[in-house]
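Colleague: My questions all concern the structure below.
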Amino acid sequence: ALEPFSVGLAIGVASALTGYLSHPRFYCRYVECCPGAEHRLNATALKAQLDTKLFGQHLAKDVVLRAVMGFQSNPSPKKPLTFSLHGWAGTGKNFLSQILAEHIHPAGLRSKFVHLFLATLHFPHHSQLHIYQEQLKNWIRGNVSACPQSVFIFDEMDKMHLGLIDAIKPFLDYYEEVDGVSYRKAIFIFLSNAGGDLINKAAFDFWTSGKQREDIQLKDLEPILSVGVYNNKNSGLWHSSLIDRNLIDYFVPFLPLEHKHVKMCVRAEMVARGYAVDEKVVQAVANEMTFFPKEQRIYSDKGCKTVQAKLDIHEDV
């Protein structure tokens, strides 16, 4: 028979070991945990990554960085932080969203606390609009209940069925709780090509007037962008209550990329592949891109979207 002392010692050791293994500091090394209230985003690291990987978007970088840092430093925000990113394909909307997600949850898009919705994949049939609305509300409610700092990214907003996104309006509003759940620490990001033409025109007007691209400020674009998206049936936000109630905190314009920005993308891709940067290859890839307007050829019509594919052709070099 075991001595009482031995049994007590064994139980004590087992209890201590169980407590250690279940302690958040140990447990969260191996299993992803929702960040606690003490977690703070590293602004220096985020800025450095945006500076080295996102090109030609001084407005987007500045607005998003300042907004996120202000939001995270507020212990009691009044509503979730909501961005609507606009611009043509290849200008960096998805890229910025991924970088931001990785700095909030290190696993990024693989994190169980980061949720990406694609309009054409997750909501393909207009006839099921009401079903999608309920599914979306339930999904967001469940995930914010599990982690208040959840991040929700809605891509292809310009392909979203009209009225669908309004289903989540209560979650973005100034409510302390909705059915016992607080959404105030969540972040919502909408990505859309809608409004790209308005942004491109404004950028071209600056260019023709001899002004520097970097002189474009948010106040020059945000008002026309919010109105343009609200009145655009192909924006996903047509006559949306999210705009009516001013629940989108920032309409963030992504400017069309110039020739020099495309070359920056090529160099960054070469470095990412472990290549030495060859300026002849950089120039060759840039020359294969198409630019607009037809006469001036200032802006890439696909941004940097096809850089990877075009660089593949030059891999032997």
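Backbone N, Cα and C define each Cβ position, glycine as well.
In case it helps, TrEMBL gives these features for our protein:
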type: BINDING; residues: GLY87, TRP88, ALA89, GLY90, THR91, GLY92, LYS93, ASN94; note: ATP binding site
type: DOMAIN; residues: 257-312; note: domain 'Torsin-1A C-terminal'
Colleague: Same chain only, sequence gap of 6 or more: which residues have a CB within under 8 Å of the CB of LYS93 (ATP binding site)?
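Modeller: Spatial neighbours, sequence-distant, of LYS93 (ATP binding site): LEU85, HIS86, GLY87, LEU191, SER192, PHE254.
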Colleague: For ALA89 (ATP binding site), what residues in its own chain, 6 or more apart in sequence, show a Cβ-Cβ distance under 8 Å?
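Modeller: Residues satisfying the criterion: ASN193, LYS302, GLY303, LYS305.
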Colleague: Within the same chain, and leaving aside GLY87, TRP88, ALA89, GLY90, THR91, GLY92, LYS93, ASN94, name every residue whose CB is within 8 angstroms of the centroid of the CB atoms belonging to the recorded ATP site, in sequence order.
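Modeller: Checked against the 8 Å cutoff, the neighbours are PHE95, ASN193, PHE254, GLY303, LYS305.
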Colleague: Under 8 Å Cβ to Cβ from TRP88 (ATP binding site), same chain, six or more residues apart: give me those in sequence order, or none if nothing qualifies.
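Modeller: In sequence order, the residues whose Cβ lies under 8 Å from that of TRP88 (ATP binding site) (at least 6 apart) are ASN193, GLY196, ILE199, ASN200, PHE254, PRO256, ASP301, LYS302, GLY303.
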Colleague: Given the model, what does the mean pLDDT over the domain 'Torsin-1A C-terminal' (257-312) come out as?
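Modeller: So the average pLDDT across the domain 'Torsin-1A C-terminal' (257-312) works out to 95.
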Colleague: Write out how many residues of the domain 'Torsin-1A C-terminal' (257-312) are helix, how many strand and how many coil, based on DSSP.
Modeller: 29 helix, 5 strand, 22 coil
